[in-house]
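Reading through the structure tokens given below for one structure.
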DNA sequence: ATGTAC
């Protein structure tokens with residue numbers, strides 16, 4: 001019953017193993033999985049490694065089919081996968097390589113509060129967040145946009161909501177791509193997708209999405225932490241959400257459009273779920289335009305979630321969010337495909353970097369890193385599980401050499417959702433979390449069981465690999481104290 | 001991840 005990868009995993013160095021392209025017919029490049037010995041058993045379990053090999057067959061793939069240490073099975077492509085394709089070599093774009101939740105990502109908001117001052121107020125704070133910030137499957141929120149406005153929102157990105165007093169211009173500066181993915185086309189987003197998104201902007205959703213109150217638990221790199229404005233015991237808010245029903249529908253629409261395109265373009269797919277189109281084809285361009293528009297919706301969603309968190313903090317602590325210095329450290333996507341310049345075999349190329357459960361991690365000096373951080377590198381935000389920890393990392397030079405500027409995105413599941421519910425055996429996960437010092441509120445008891453800490457790998461172990469591989473370096477460890485979930 | 005199968 002339990003699937004297992006029995007193919008070759010050749011150790012390259014202490015952080016990386018190779019699946020040679022001889023493993024499977026049609027592989028154009030090797031597979032490369034970033035993992036140390038401690039994580040190998042988790043990598044061999046399930047069939048995510050086989051998915052890494054499948055992705056290596058895609059036309060125009062560059063370098064290697066890559067996977068991060070938080071790899072696990074996903075639709076077609078594994079979660080934790082990175083695939084770069086060259087459009088000038090027939091390189092493809094694939095919805096499965098982005099994921100159903102387009103521009104799922106993470107935002108970290110700082111405060112000037114410290115653990116000791118908020119300790120007596122955590123329950124009140126979590127309650128207030130839970131009742132103010134909509135969460136759960138299909139939930140809608142207080143921000144309603146008609147179809148025309150929703151398309152305008154996708155055409156402008158979070159500038160659209162900032163113009164409506166939901167945030168300040170500085171928020172945009174500290175968002176990946178300044179919160180705006182250019183060259184999208186909201187008119188390529190179907191009416192159906194627009195309708196699903198019109199009243200969901202500013203809602204959390206379900207699954208692994210959350211809003212957490214965290215404290216800085218350890219500062220590993222004092223210099224970078226100082227540049228990022230983080231110090232020990234400081235209170236922060238981490239937000240993990242994506243593009244809700246709108247992004248889901250954009251992905252679904254593209255998968256319908258891409259059905260049977262393999263025949264049209266003569267692409268041999270080892271798995272139907274790898275459905276793709278040449279990036280330069282009409283179908284490829286259509287998906288890219290819609291995906292970019294949906295990505296802008298994702299940034300707007302997190303902007304509105306942040307704004308609601310600011311309002312709740314202001315209410316609970318009786319000061320304005322500006323007085324509480326609730327400024328954004330950064331917002332970064334981990335489900336997206338972007339056209340970026342990278343050096344492949346000594347040549348500069350523009351490639352479609354698919355990051356599915358993988359985070360951009362540009363190093364110091366990269367022009368896309370906000371000016372204030374450019375001398376140290378891009379902030380990377382890694383959500384862990386709700387009982388143990390999350391991390392703030394900084395992009396490192398190795399990412400440009402090895403992973404198309406990419407690092408991990410989280411802890412990675414260690415149990416399937418059904419296995420996690422079974423393991424909980426009806427136990428109240430919220431009570432268990434409370435005994436560990438975390439106040440949790442969720443709209444679904446079962447959902448909470450699926451997300452229990454045990455269902456995930458230890459994020460510290462995942463982060464250790466990307467740190468050692470020089471993809472991104474440890475800056476600060478964050479400890480959860482309050483969490484709201486769908 | 002997702003109006004957890006129109």
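Heads up, the Cβ atoms here are built off N, Cα and C, so glycines get one too.
No curator has checked TrEMBL annotations; they are predicted automatically.
Copied from TrEMBL, the annotated features are:
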BINDING   A:101, A:209  Mn(2+) 1 binding site
BINDING   A:208-212, A:334-335, A:383-386, A:390, A:409-412, A:485  GMP binding site
BINDING   A:240, A:334  Mn(2+) 2 binding site
ACT_SITE  A:409  active site, GMP-histidine intermediate
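Look at the binding-site residues A:208, A:335 and count other Cβ atoms within 10 Å of each Cβ; A:208 has the fewest. Considering only the binding-site residues A:101, A:335, A:385, A:409, A:412, no residue lies within 10 A of residue A:240 (Mn(2+) 2 binding site) on a C-alpha to C-alpha basis. Closest in space to residue A:334 (Mn(2+) 2 binding site), of the binding-site residues given as A:101, A:211, A:409, is A:409, taking the CA atom of each residue.
Put simply, residue A:209 (Mn(2+) 1 binding site) is 13 Å from residue A:412 (GMP binding site) when counted between their Cα atoms. When the alpha carbons of residue A:208 (GMP binding site) and residue A:101 (Mn(2+) 1 binding site) are compared, the span between them is 12 angstrom. Ranking the binding-site residues A:209, A:240, A:334 by C-beta neighbours within 10 Å puts A:334 at the top. For residue A:211 (GMP binding site), the same-chain residues 6+ apart in sequence whose C-beta sits under 8 angstroms from its C-beta are A:129, A:133, A:135, A:204, A:237, A:238, A:239, A:240, A:305, A:309, A:483, A:484.
All protein chains considered, the CB of residue A:385 (GMP binding site) has 25 other CB atoms within 10 Å.
DSSP assigns residue A:385 (GMP binding site) to coil in the three-state reduction, placing it in neither a helix nor a strand. Among the binding-site residues A:335, A:385, A:409, the residue whose Cα lies closest in space to that of residue A:209 (Mn(2+) 1 binding site) is A:385. Of the recorded residues, residue A:385 (GMP binding site) and residue A:101 (Mn(2+) 1 binding site) place their C-alpha atoms 19 Å from one another.
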